[in-house]
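What follows is a single structure, written as structure tokens, with notes after it.
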Amino acid sequence: KKKKNIYIYIYKIKNLYRCVLKLKAGRLKMNVIDHVRDLAAAGLHSNVRIISSLLLTMSTNNPELFSPSQKYQLLVYHADAIFHDKEYRNAACKYNMALQQKKVISKTSKVRPSSTGCTTSALQAQNLPSEIEVKYKIAECYTILKLDKDAISVLEGIPSRQRTPKINMMLANLYRKAGQERSAVTSYKEVLRQCPLALDAIIGLLSLSVKGAEVASMTMDVIQSIPNLDWLAVWIKAHAFIHGGDNQRAINTICSLEKKSLLRDNVDLLVTLADVYFRAGDTKNSILKFEQAQMLDPYLIKGMDVYGYLMAREGHLEDVEVLGGRLFNISDQHAEPWVISGCHSFYSKRYSRALYLGAKAIQLNSNSVQALLLKGVALRNMGRVQEAIIHFREAMRLAPCRLDCYEGLIDCYLASNGIREAMGMANNIYKTLGANAQTLTILATVCLEDPMTQEKAKTLLDKALAQRPDFIKAVVKKAELLNREQKYEEGIALLRNTLTNQSDCVLHRMLGDFLVAVNDYQEAMDQYSIALSLDPNDQKSLEGMQKMEKEESPTDATVELDGDDMEGSGEEGDLEGSDSEAAQWADQEQWFGMQ
């Protein structure tokens, strides 16, 4: 028996040696497929596309010219070249043809073992492109073409044990986008099981309400085994706070990370910190951190849409225009530069153009929350409230902890007299995210719309200001309420107190309005001037100043009125130009399928 086993073992070694010799012989004698493979490996995609197209036509005219496995390889290389040229629908078609050809190989390659003990299929399989990789490429094409259901179907056809981390990551993102949260969590966890440092998968899990402690436990082994990775647990904790809506604790945690010498001046951390400051309503610190990140990385794109929006909202339209142009030079294939240009148009009151630019940004990145908000506010200001509501709801789904998404939706409800819906939404935010200055102000804003809930609004605003005396939105709403009640002295005191620590166009303008009400015209003029210096496009400050000038000099007012009449004809011409521009952008919208 021992001798018999030895002979079998020797026989197997001989067969294996013969297989190796055959493989070596095949390599020495290169065929045309080997040359195509070398072209593809060298990245010469345009060359691959031409030669593979010619060879496939030869194969069609003479089916005996190439074996099934060679034709499969040609189809895959041809599809890869087309994919590289960004012809994704054509590439998906060719990849599917390759998969059909692979089925032919499976049927015809069941050859009996030869005397050498090697099958032809075993020899050929050494060089065949992976079927799983081909399916991943098909799913990638479908994702780019926004055929998410087809992409999911293709990836689900790959057995679970054969799914690589990148397949699970794509599946997780697609499941999340489709609202299949449980399946998304499973796929993200599988990515982390295979790659414990997949930080985007960690963010995905936290965004789906998986507990931070559970996510941290999945990375604990790698944290303990690799030196200088102790910061990762704190990083996970910070992102858990972000996705839980606890902005203040998130800020404190990220600041503690940023102060560490090894992570100081990290651009990603600074952008995250700037974004959390923005969510917390701290515009000043948010802009500061964005500028710091931009100085460290002049080619930074991530987060610049939020930075551009804040700058536009603060009235720095020239800077916004420069920022948008600079980002277009870096890349026009990202949503951010389009959003920035859209914000510039929106705050310049060119709503049709803002709508077009927002739609273009969404085409480039359907998950861009800032693009959805831009398009939503443009639609709302154009009177298309129901369409705006759809965009705000999608933004809410993508970023459930961003209060500006809810504020946009509430504004739409109030614009369409849906006070009950607005109140329901505000109460839901208040209960979900807790009683902080922002949620209290949102609820108070809705209460101010109903004469029966004015006292409740006052109480809510007092609570908000007790938590954050410098929160501008709460100050503005409280000042509006005091103006209604004609409590001008209280309003002046509130605004003066807030302006001691910060300077804001709206606050200066409102203070000017209150001073006019108490006949303090000189200081009111000063306040309007400060407001216009902060935002030269603030129409209300300009109107307030012009109104005061007319009241102070009635003689000059008559002359000015005549001048206004003459200017009116010019303004009418401008308006006509504006309408023609709106019509032009409306045509663009129709072209892009937005109407």
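Cβ atoms are placed via backbone N, Cα and C, with glycine included.
Annotations in TrEMBL come from automatic prediction, not curation.
Quick look at what TrEMBL lists:
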REPEAT    267-300  repeat 'TPR'
REPEAT    369-402  repeat 'TPR'
REPEAT    505-538  repeat 'TPR'
REGION    544-595  region 'Disordered'
COMPBIAS  544-553  compositional bias 'Basic and acidic residues'
COMPBIAS  559-579  compositional bias 'Acidic residues'
For the repeat 'TPR' (505-538), residues assigned helix / strand / coil by DSSP: 27 helix, 0 strand, 7 coil
For the repeat 'TPR' (505-538), distant same-chain residues with Cβ under 8 A (at least six beyond the ends): 314-315, 317, 347-348, 472, 475-476, 479, 483, 486, 488-489, 491-492, 495-496, 498-499, 544-545, 548, 551-552
Residues from the same chain, set at least six apart from the ends of the repeat 'TPR' (369-402), whose C-beta lies under 8 A from its own: 179, 242-245, 279, 305-306, 309, 335-336, 338-339, 342-343, 346, 351-352, 354-355, 357-359, 361-362, 408-409, 411-413, 415-416, 433
Predicted model, mean pLDDT over the repeat 'TPR' (369-402): 93
